[in-house]
Amino acid sequence: MSFDEENWTTRTKTTTSRAGDQALGLSRGGGSSTIDEKEVVVDDRFNYALLIVLYTLQGIPMGLSASIPFLLQEKIGKLAASAAASTMATAAGAATSSSVASIQASSYHANAIFALCSWPFSLKLLWAPIVDAIYFKRLGRRKSWLVPIQLLAGALLWGGANFVEEELGLGHLSSSGGGEMNVKGVTLYFFALYFLMATQDIAVDGWALTMLSKANRGKGPMCNSIGQNIGYFLSFVGFLAMNDVEASETLWRPLLRLPSNPTKGLVSLQGFLKFMGATMLVTTLGVAIWKRELPPVSTTTGNGVFNQVQHNDDDDAELDAAELGLKETYHRLWAVCQLPSVRLLFLILVTYRLPTALSDNVKFLKAVELGMSKSTTALLSPTVILPLGILVPIAAHHIWHKEGPLRQFLTAYQWRVTVIPLLDILMLHMITKSQNHHGGLFWLAILASTAGQAICNSLQFNAQMIFFASRVDPAIGGTYMTLLNTAANLGGTWPSSAVMGFLGYLTKMRQDSCGTSNDGPAIGVITNSNSGGFFCATDPYFYLQAIFSALGIAWIIYFSPKLKRLAALPDDMWRTHLLDGQDGGTPDTTGTTTVGMRKKFDGDKVDLGDLEDGDLKVNAPIARGGSKNNSNNNNNNSKQA
């Protein structure tokens, strides 16, 4: 969240807490003091760097898991090539051709199974309250989980390296394509890694709310975006680029003056897993030793300059939440789930990724299937995806600063479901038609598709995280943020397995019904397309893309007004106010009931349907401890990035 100069000069902060008085140098609490926020200068540069490092560690398993589908595709391609060679050498051509079709379809089924490994990020809400409520005070609320979790993840990366390579049968890739694959075992391994990283994400998201000063808290999502992109780049691009045999022989070994080895890449999956495990272990030990987690109270240095500014109502709520028990944390989480605004946001988050599932999960796998090398795919990330992932959030802050994050989100989504599918189809068409994969139009199509999707993805992710950070209730800061992120992750997880499984089924059905040939640039080219009409003549990917684009347009028409209404809601509509009283409905300082926001909506007759075109038609309840003027300021700030 950002504050303009006017807000800095006109708004003051009043505190009556003991922590606030101590922050001002008073001997005892209980006094009332006014602080001009413009005079408070906080240097959060070190905290920015630390958050980026922590989110980078989080991105490492994500990048490694993203490389596995390409290894599966390559492995299954070699199995299909081996079966095709067998077809040419035997009389049982029809039977073996059917076997080739089954092998190709199994690629999508294998990737559909492996996609399940990311589900912990969609289920972490189940144990997020445990992370918020149980900790060692001496170590710190967030470090109590962060340090052991990252040590376990590092040990798992190091210790499981041999297991993953053996279960995927990657040692046989350079041969005829033999070797068994245990996709389910590897899926369980990465499921465990994702479970650890999901727990780490809970702790880091909560720590970011108190590590950064109030004025800089909105920049936490930028650290998230940058860090995850760096981690993803290091473990996805770094591995694929150095594991590819062709790239190793033509680039890396000559560059490093290493002897030629045309059967193996420069780096194996086993070696890379061990290296990343060691990196995570060393970094975690550094954080454990040198970073001290401060309690959520204000402190001052010897010269009176604030070291950590936490003297407002939100941060007092975070301090109170640190003393909650597990039962109370779940109780508050349930209260959040009852908020009408949160329910509507859930519905949006779990549905918007379905129309983009092919572009998100299948596009590059289809490109590799059609002949594009995995080294080319890997090199797109450092040259296109990573720079855009870092630069786009910074540019978006200036472009959509006044219009707000949800306007940014919707604009990116409109491009994502209309223009990006056309660019994807053009890219796949050029891969199929281009013989040498070196022409200008070929690279233009690939860059346009990749850059377009990277820009839209980064814009949506950045807008999503900024909106979450600006609406989260610090009373259960980490758990609330996890709740919203869980819904967002679920929206991207369930379409992945469903779409790849369905595409594998359509591919197998098409090849069985229409017949296949082992001639041509790719195995499984349809031979009797005229007999099956459009279904046989067209790859299932393309007509599914058309269907999903139409579904995306329908989503925009239906949900666009609802997004505008969500953007117009004041901060008070996203908070339970359970800290103000108990279930009996004790009134707060504004005189409104505090049992939960559902009663607030009912009691004040505020409904999401009463909000149109970003304007409130009724007077909303005033935020706890604030004034009507401050409530209006919060509403205006919700429209800024």
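In case you wondered, yes, glycine gets a Cβ from its N, Cα and C as well.
Where the annotation comes from TrEMBL, it is an automatic prediction and has not been curated.
The structure displayed is predicted, hence computed values, not measured ones.
Among the features that TrEMBL reports, compositional bias 'Low complexity' is placed at 627-641.
Feature annotation from TrEMBL assigns region 'Disordered' to 1-33 (among others).
If you look up TrEMBL, you'll see 618-641 (among others) marked as region 'Disordered'.
Residues 107, 110-111, 114, 117-118, 146, 150, 153, 157, 168, 170, 173, 181, 183, 186, 190, 193-194, 197, 200-201, 204, 208, 211-212, 219-220, 223-224, 226-240, 243, 269, 272-273, 276, 279-280, 283-284, 287, 291, 364-365, 368, 374, 377 of the same chain lie 6 or more positions beyond the ends of the transmembrane segment (48-72) yet place their CB under 8 Å from a CB of it. Taken from TrEMBL, the feature transmembrane segment applies to 48-72 (among others).
Under the heading transmembrane segment, TrEMBL lists 145-164 (among others).
What TrEMBL records for 188-212 (among others) is transmembrane segment.
Under the heading transmembrane segment, TrEMBL lists 272-290 (among others).
For 376-400 (among others), the entry in TrEMBL reads transmembrane segment.
Taken from TrEMBL, the feature transmembrane segment covers 412-429 (among others). Counting same-chain residues at least six beyond the ends of the transmembrane segment (412-429), those with a Cβ under 8 angstroms from any Cβ of the stretch are 352, 355-356, 358-359, 363, 366-367, 370, 445-446, 448-450, 452-453, 455-457, 459-460, 463, 541-542, 545-546, 548-549, 552-553, 555-556.
Residues annotated as transmembrane segment in TrEMBL: 441-461 (among others).
Same-chain residues lying 6+ beyond the ends of the transmembrane segment (541-559) with a Cβ under 8 Å from its Cβ atoms: 348, 351-352, 354-359, 362, 366, 410, 413-414, 416-418, 421, 424-425, 428, 499, 502-503, 506, 534. Sequence annotations record features per position, and here TrEMBL assigns transmembrane segment to 541-559 (among others).
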Candidates 145-164, 376-400, 441-461; stretch with most C-beta pairs under 8 Å toward the transmembrane segment (272-290): 145-164
For the transmembrane segment (145-164), distant same-chain residues with Cβ under 8 A (at least six beyond the ends): 54, 57, 60-61, 131, 135, 139, 185-186, 189, 192-193, 196-197, 199-200, 202-204, 207, 269-271, 273-274, 276-281, 283-285, 287-288
